[in-house]
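Input: a single structure, listed below in structure tokens.
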Ligand SMILES: [Zn+2]
């Protein structure tokens, strides 16, 4: 899945995107430990125990065998647990229910402190011990268990698990959120009959299964499906967990095969998941409907009953009926079409040649047109609505190039005969990697004739990401969502890596650098989580689709690759991993072990040892440099942004520290490596060097503090000559300095002293990073109505960048890097009301309107032009009129951002009407809210809006999903006062199960507190510094 977030969408009209916090869950992994399994299977010890009843309770890393191990719980927990069962609540949900009672905003379980026991506790304990000892003696000395026989037996007989009640009143035979392991599906035959007039569908699912362990029941997933008929069995349903079950009076025996046939009916979904309906207006203005699927992570069960967990891989054979004027697509090529007596056509697809997880199944019923091309044995096609066929060529060309690249890079050829890329008019994510049938948002796949390279960059990177998933995710799949990063971190890393090779003109390196900076900012918060994190509830599964899985995942892979000797070891390792686990499921250790095994160098490096320090704990290190002559002491500590100074963690990382110095700082072989594994170590450098810069190219996932002298030497060097460091290294210094200021380690005066060199800076990475950081502060000051400081800040920004802003042209610009630089500079300039910028933007808009759309505004300047235009009453209306007519989606999106940036409150209210999906598609609402929130007139309105419309919002955008994360961040991240903190806290805690437990809520609160602290610390001295 590719979440829809692009640099161009987010940079300068976005509020404080620096902060996406997150809270910690314990790092324990969701795995069955071997002793757990053995214990359960040892039937002589526990005769009544079904292997599936063994529960590994990961939250507290404790083993629970139902009816046996629960006495380990303390009383509170036990009460909570048993009442949860009485209420039929999920056992896994208990953890969150329990959490919420301790503190609504702390996900972190309170440390079990070893405080000294009180006298009363001691007395109680002694008394308890005496009782236990006397009971034991009584039992020991009694020759037989004579007092009550049943009382004795109770010690060894496991209690029956408490099962919930099915919809029909019968007992539901399964009490957990995860499915039992006793049944393995082998193949599915699906027949689907969608009715696009009535927005309903019927289906038949035939599942062939094998029995792994003797069992009396089959449990699988089904959600919102009305099961009308099943083969000679009664189907029980337990809706809260989206499970159905079939009970048998006789045991199914291990090794047996069985077939289950289920007929059902359902409505096409009105949200963006499951089998959902989508519509668009064709060129004559008629509404056309279509149906498409989005199953990842938990929605295949909304289209057909299935074992909807990634490790239950099976084959699929799919048939779909349709009206003659429609066409259908699915994962595999079409095998045949037959006419039905009803006048409908039935399309049958080939059986999948590979085993796949349910979340990768897909089908589309629409009237799209394709263009196609062959890459070795694979037919690659791009589909769109007929009107947009002319926008598909770039995607086809790019997909073919990338497919060739991956085929040879992974040394495993893409295994299917066809690969379709389909632009779906209504689609929430950026794209979805369904095997053989990748679905996209129109803006992530279609490129207009006049598109700029920056727009092509968006499309190429989404395609590169989804194609990488055909190997990472589809061929080798994570066993459970706790290791989602194995899919997403890899796809994200491969997306940048492949484009650097295949399409170097797209300058993807700047974007990747920016992504790493943003990932650091999010991971610095206490609410962050380990890359590989325990996941239990559906909301927690949704929440895994976040910057840690994607961007930190990609960043640590880059760090690993950069630290391995030679450039082939990493590649060899992943080829080994893909081959070893092809068609299977894996966890993080499998990956590190494969990479460790491929030891092609003489300098052996234990990848497992190094990388687990990055995946099993949250956060990242701050490396502090202390140089005395030729001795350099490096010290690591957890870079933890927290509003109270008390929190210290003892986390240590295995850091491949790279460094360069003034005698050699530009060529790649200047880089030296030192591995810091302990808290503090010393290395030797020549006494004569003037300065050291660590984290060469910012390929490492850590922040560096050089101390007063170290920073002073670097700043001196830059003021003399900016070219002593690469642009990436300059950007890295700027990023680290602002981060240290947020941490409270350097004063804002030190930040400004580094920025003094900016007047000589012209390169994209350092300029865009500095602008982003300064804009963030500017916005915070603006929202607090610190008018005097706001204007001083403006003067500052213009003193650094004024001349660079004036040097920008407003014509077509060829290089991507220059486009990035120009749009960042001009958006800031116009936002600060710089006269010449406003004038130019208005003139360009006027020309565009008068030419009746023939005069083109360069793609990278469209947003700034539309935003400036939208500030006047008349051109806002003109823009709205254009918006309803323009068909090219990337341009349309920028117009929408313009419309939403208005300062007129009535119009702001109009922009968020997208929730109704009339003029503005509902899929664009997160973008609209983001834009509205960044303006002074809009930010309080946006906050009110989400409070008033929360229920409708979470109906469209599920709790925990990327869209909801983004909405929360947009509306809260510019608050910096106690009053706002209280409001935000009050609102989210009132939501309870409708979202109060979300990590993004933690992030929001933490961010506000940090904003508040930064302001308290720095505002008093602004008078002096600014
Ligand atoms: Zn993805």
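Heads up, the Cβ atoms here are built off N, Cα and C, so glycines get one too.
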- For the Zn(2+) site that TrEMBL assigns to 465, 469, which of the candidates 455, 488 is also assigned? 488
- Query: What range among 95-116, 117-138, 139-160 does TrEMBL describe as region 'Disordered'?
  - Reply: 95-116
- Query: C-alpha of residue 488 (Zn(2+) binding site) to C-alpha of residue 466 (active site, proton acceptor): distance in Å?
  - Reply: 10
- Which of 465, 469 (the binding-site residues) has the most other Cβ atoms within 10 Å? 465
- CB neighbours of residue 466 (active site, proton acceptor) within 10 A? 29
- Query: Under DSSP, is residue 465 (Zn(2+) binding site) helix, strand or coil?
  - Reply: helix
- Task: Compute the centroid of the Cβ atoms of 465, 469, 488, then list the same-chain residues not in that set whose Cβ lies within 8 Å of it, in sequence order, for the Zn(2+) site.
- Result: 1, 2, 433, 466, 468, 472, 473, 487, 490, 491, 492, 494, 495, 550
